[in-house]
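Undergrad: Sending over a structure as structure tokens; questions will come in a sec.
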Amino acid sequence: MQLNSNEISDLIRQRIATFNVTSQARNEGTIVSVSDGIISINGLADVMQGEMIELPGNRYALALNLERHSVGAVVMGPYSDLAEGLKVKGTGRILEVPVGRGLLGRVVNTLGQPIDGKGAIENDGYSPVEIIAPGVIERQSVDQPIQTGYKAVDAMVPIGRGQRELIIGDRQTGKTAMAIDAIINQKDSGIKCVYVAIGQKASTIANVVRKLEEHDALKNTIVVVATASDAAALQYLAPYSGCTMGEYFRDRGEDALIVYDDLSKQAVAYRQISLLLKRPPGREAFPGDVFYLHSRLLERASRVNVSYVERFTKGKVKGKTGSLTALPIIETQAGDVSAFVPTNVISITDGQIFLQTHLFNSGLRPAVDPGISVSRVGGAAQTKIVKKLSGGIRTALAQYRELAAFAQFSSDLDDATRKQLDHGEKVTELMKQKQYAPMSVAEQALAIFSAEKGYLGDVPLASIGDFESALMAYAKSEHSALLDTINKTGQYDDDIEQSLHKLLKTFTATQSW
């Protein structure tokens, strides 16, 4: 087949006429160095602090150092195949994660991608991981309780909705167990939960997820995971991602609870990134802004007022306040709470629960030290019946600790001192509680009432646990209406007091424990 010159020229004219030119402006740069997950990029202009930079292979890096001639970025993922000379692109976007109800019951990574093998997640959109905390005018005071299900916590260190309560202690003192029990206790309360696991073993996280599933608490919980094998950047960003997912519920007039397990490992990951970016180290080799790292995160946990929720939802939700309660966890070394990160977080939060190794090893679990554990705002939110009854518990324990120290040096004690010691021992025993066995407000009130009104006097110390178990079983079977009333109202009046006295007198007369 031969083409003549006219056909060739017509074909060329046709191609020229249909040729479409599209121009695309791209902010492109070149990798000039790669080391330990940190890349240095030349040629990128107009880059924001915290901007996502697109790398080859559908990966991203986070711009953290903006210098005159280069950009220092931390790779969010594997970096072994990155090399000098590769082209990268600025996206013009800050890091965002998916939010919405579709995340409940799922296990996701720092970027909100599912890692539980249950398929794609239906989200309600994306939100930036770094959001400025609500202002002073947008907040409301904390006056509603959040029940952890632990007698020792709800009676002595009460937590309110929108509070930040630090759980601090050495390794293996029950910090995670306390936080997981608090999540399990919310399964029927309507409070949505977020559990952020930072720098933990994958097997430990799998066990936590399994326990949440066993106790039917996973359905209202989002689990955000950055394991010990994940990049330092992902461990550093995980708490912010989880906080954004929790804020979705707060801003729509609902209540949410978030657990950061733990912020010590996040600080270590941030220190690693900062040192690799050649930022000047300070105390304990942490960078100068490690306080701001945690303060900007924990300030986002708050209770917001009605006008904030109405403005955010554009009038769709009316007359509701929202809250995000934070339970950050800090691991101490040999009980040293005066280290850099623990003191920072103690000063940021609204109280702390100290878990002591010697109490844990002596069999007191949860190992809460009532002497130095405080809640700075939770008292206003405490359920009335528990608040009224628990005042004497803290005093009894404080006096017991003081007298027990003196009793070691003296065998000759008067009757009043001996009675105080016996009462303190029994109250300490009563505060013990098994894991995965949270108690309702009514059950806690009944247990505290029995101690406060002297019903433990004739019960041997070794039988306190059996006494409590039998008392709860008896109350549930014979006085369920009374327990329901206390759980619904939380009030304490003469009628409730008389009913509790009657219940305990009848029960103690049976001696059935």
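Cβ from N, Cα, C; glycine included.
Okay, so Swiss-Prot annotates it like this:
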type: BINDING; residues: GLY169, ASP170, ARG171, GLN172, THR173, GLY174, LYS175, THR176; note: ATP binding site
type: SITE; residues: SER373; note: site 'Required for activity'
Undergrad: Here the binding-site residues are GLN172, THR173, THR176; which one has the lowest number of other Cβ atoms no more than 10 Å from its Cβ?
TA: GLN172
Undergrad: Pick out which of the binding-site residues GLY169, GLY174 has the most other Cβ atoms within 10 Å of its own Cβ.
TA: GLY169
Undergrad: Can you count the other CB atoms that lie within 10 A of the CB of LYS175 (ATP binding site)?
TA: 25
Undergrad: So if I draw a 10 Å sphere around the Cβ of SER373 (site 'Required for activity'), how many other Cβ atoms end up inside it?
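TA: By my count, 22.
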Undergrad: Excluding GLY169, ASP170, ARG171, GLN172, THR173, GLY174, LYS175, THR176 themselves, which residues in that chain have a Cβ inside 8 Å of the centre of the Cβ atoms defining the ATP site?
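TA: Near the ATP site, beyond GLY169, ASP170, ARG171, GLN172, THR173, GLY174, LYS175, THR176, sit GLU331, LEU355, THR357, PHE360, ALA367.
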Undergrad: By the count of other Cβ atoms within 10 Å, pick out the sparsest of the binding-site residues ASP170, ARG171.
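TA: It is ARG171 that, of the binding-site residues ASP170, ARG171, has the fewest other Cβ atoms within 10 Å.
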